[in-house]
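Asker: The structure's right below; bear with me while I get my questions together.
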């Protein structure tokens, strides 16, 4: 079993460095709430991910498996309206990889940066383009954005 330890932050786009090519991601949820079952398509690869209930708001179990792309596309169809579209950029800052997600469609305007840590108390430096932490705000989980998109807030 893998444990995902992740913190999430809002971003000031005007302070971001120049972004390289992003990766287009489509992800759907067969089950949106804990545990969640997600299908993700990115770079012509498909992944099935099961995420457990958070033990606190930054740690939870995560099981991710690459599956055939054709299976992923079929499973994505089963998700119907439970699909999120976003472009992901990776930014290295102070020896940590930050994943920057720029959401599209119903969640357009939302920009979130995530950092995965090896322990809950791991220290890291916040980049100048980070504004506020939203790790404890469940509105910003991808599974929640399915049923309560950003455009409706």
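Any Cβ shown, glycine's included, is placed from N, Cα and C.
Quick paste from TrEMBL:
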ACT_SITE  29  active site, proton acceptor
DOMAIN    2-153  domain 'CYTH'
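Map these features onto the structure and tell me what's around them.
Answerer: Residue 29 (active site, proton acceptor) carries a strand DSSP state (E or B). Sequence-distant contacts of residue 29 (active site, proton acceptor), defined by Cβ-Cβ distance under 8 angstroms and a gap of at least six in the same chain, are 36, 37, 38, 39, 79, 82, 142, 143, 146.
Across the residues of the domain 'CYTH' (2-153), the predicted structure has a mean pLDDT of 92.
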